[in-house]
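Accompanying notes for the structure given below.
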Amino acid sequence: GTIHLFRKSQRSLFGKLTHEFRLVAADRRSWKILLFGAINLICIGFLLMWCSSTNSIALTAYTYLTIFDLFSLVTCLISYWVMMKKPSPVYSFGFERFEVLAVFASTVLAQLGALFILKESAERFLEQPEIHTGRLLVGTFVALFFNLFTMLSIRNKPFAYVSEAASTSWLQEHVADLSRSICGIIPGLSSIFLPRMNPFVLIDIAGALALCITYMLIEINNYFAVDTASAIAIALMTFGTMYPMSVYSGKVLLQTTPPHVIGQLDKLLREVSTLDGVLEVRNEHFWTLGFGTLAGSVHVRIRRDANEQMVLAHVTNRLYTLVSTLTVQIFKDDWIRPTLSSVPIANNILNLSDHHVIPMPSLKAADNLNPVTSTPAKPSSPPPEFSFNTPGKNVSPVILLNTQTRPYGFGFNHGSAPYSSVLNQGFGIPGMGATQGFRTGFTNVPSRYGTNARGQPRP
C-alpha cells in the first residue's frame, strides 16, 4: 500500500470531542441524561412553535428556562466525564474546573436570554400586539411538567452544590419570609419550604403562575399588556436567580479563597507556625479548585537543625484536613555572618594580632598643605598661635603597634611621654619610627578626673 511519511498523529478537534463523548456514553449512568436531553430538544421545538403561534413573549421567556435545563443536562454530562478523567501533565490539578466553567457559562447564557426578553418587552410596550391564548395554557403546563420532572429526576451535582453554596436570590428571600409565616400556622410544611426552596423549582413554579394569571386576564378582559408584564417578571426572576450562581462560579474561576473557610485557614496556619522547628510561614495561597475542592501552596522556613521530613509531615497533617490538594515547600534558615572587611589586605602590612588599623582618607597634595598644621596654606592668613604635629583627618591609615602590656584588654598604653617626643616622633606613621600610645604626653596635666583645662578642680 501507500506509505505516508508525514501522517498526522494527532486527531482533529471534532475527533477528540467524538472520542470523549464515546467515553462518557459508555457509562450507563449517562444514558438517562442522554434520554432526557433528547426529550428536551423535542419539547423545546414544540414550545418555540407555540410561542410563534400565540405571539406571547411571556411563553418565550418561560421557554428559555427549558433551554437552560438543556444546559444543565450538558453540565451533568461534563461532571461524569470529569470523574472518569485522571490528572495529566498538562492538567496537573485534574479537570474539575471544566464543570465550574460549564456552570458559569450556563448561568451567564440564561442571564443573556433574560436581557433579550427585557429588550423585546420594552419594544412591545410601544406597540402591543394581539395575543392568542389557544395554546398558551397548554405550553405552560408542558414546560412546567418537563422542567420539574427533569430537575427532580436527575441529580445534577454541580448545580446542586452551587445552589446551596451561593447566596440566596431576592426571590428566595421573599418566599422564605412567606414560608415562615405559613409554617407558623401549619408546622408540618417546614420540611418543604424551609430553610430555603430549590431556586430552579421555585422559578419554574413562579413562571407558570405568572403565565396562568396572564391567560386569565387576557381571556376575561383582553388585556394584552399583561403578557409583556409577565415576560418582564419572568426575566427579572431568571436574572435574579442566576446572578448569585454566576458570581460564585466566577470567583472559583478567579482562584479566590472562599470566605467561609478563611477563619479555619487562619487557625490552621497559626497552629503550623507553632510547630517545633518552624520559624516562619509565608507566601500562603489557598483557592477553590472545584466545587468542594480546596487547593493551596505554602512556604515554610525552618531551623537549620530541624528535620525537613518531620516538619513536612506535621504541616501536611495539619492542613490536609481542610486543603485536599496541598503543596508545601520547606527551606532551612540560611543566614551569613557579616564580614569585618570588604577588601583584601596584604599579610605583610597587617597582622591582626599585633596591629590595629584606623581607616582614614588619603592625604591631599603636599604642596597645598602647611607642614606645621597639615591644612591648606593661605598666604593672607596669619600664622597659627600654636600647632601640634597631629595628622588630622587627611592622613593615611595609621597602624599602631601593639607591643606593650595591656592589663585591661582595651589596647591602650599606660604611662606618659614628654611633650617634645610627641612633636618629634608623631603618631607612628609607617616608616617614621616608633609609635606612642593614645595617652597624651603633657606633664602639667593632672591625672585626675573632674578637672578643667587649667588643671583646677571643677566646682
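Cβ from N, Cα, C; glycine included.
Keep in mind the model is a prediction, meaning the values are calculated, not measured.
According to TrEMBL:
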{"type": "DOMAIN", "residues": "34-254", "note": "domain 'Cation efflux protein transmembrane'"}
{"type": "REGION", "residues": "369-390", "note": "region 'Disordered'"}
{"type": "TRANSMEM", "residues": "31-50", "note": "transmembrane segment"}
{"type": "TRANSMEM", "residues": "62-83", "note": "transmembrane segment"}
{"type": "TRANSMEM", "residues": "95-116", "note": "transmembrane segment"}
{"type": "TRANSMEM", "residues": "136-154", "note": "transmembrane segment"}
{"type": "TRANSMEM", "residues": "200-218", "note": "transmembrane segment"}
{"type": "TRANSMEM", "residues": "224-243", "note": "transmembrane segment"}
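The transmembrane segment (200-218) shares the most Cβ pairs under 8 Å with 136-154, out of the stretches 62-83, 136-154, 224-243. With a cut-off of 8 Å between Cβ atoms, the residues of this chain six or more beyond the transmembrane segment (62-83) that come close are 20, 23-24, 27, 29-30, 33-34, 36-37, 40-41, 43-44, 47-48, 51, 94-96, 98-99, 102-103, 105-106, 109-110, 113-114, 117, 139-140, 143, 146-147, 150-151, 154, 156-159, 200, 203-204, 207-208, 211, 234, 238, 290.
In this chain, the transmembrane segment (31-50) does not touch the transmembrane segment (224-243); fewer than three CB pairs sit within less than 8 A of each other, excluding pairs fewer than 6 residues apart. Sequence-distant contacts of the transmembrane segment (136-154) (same chain, six or more residues past either end, CB-CB distance under 8 Å): 32-33, 36, 39-40, 43, 46-47, 50-51, 54, 56, 59, 62-63, 65-66, 69, 72-73, 76, 198, 200-201, 204-205, 207-208, 211-212, 214-215, 218.
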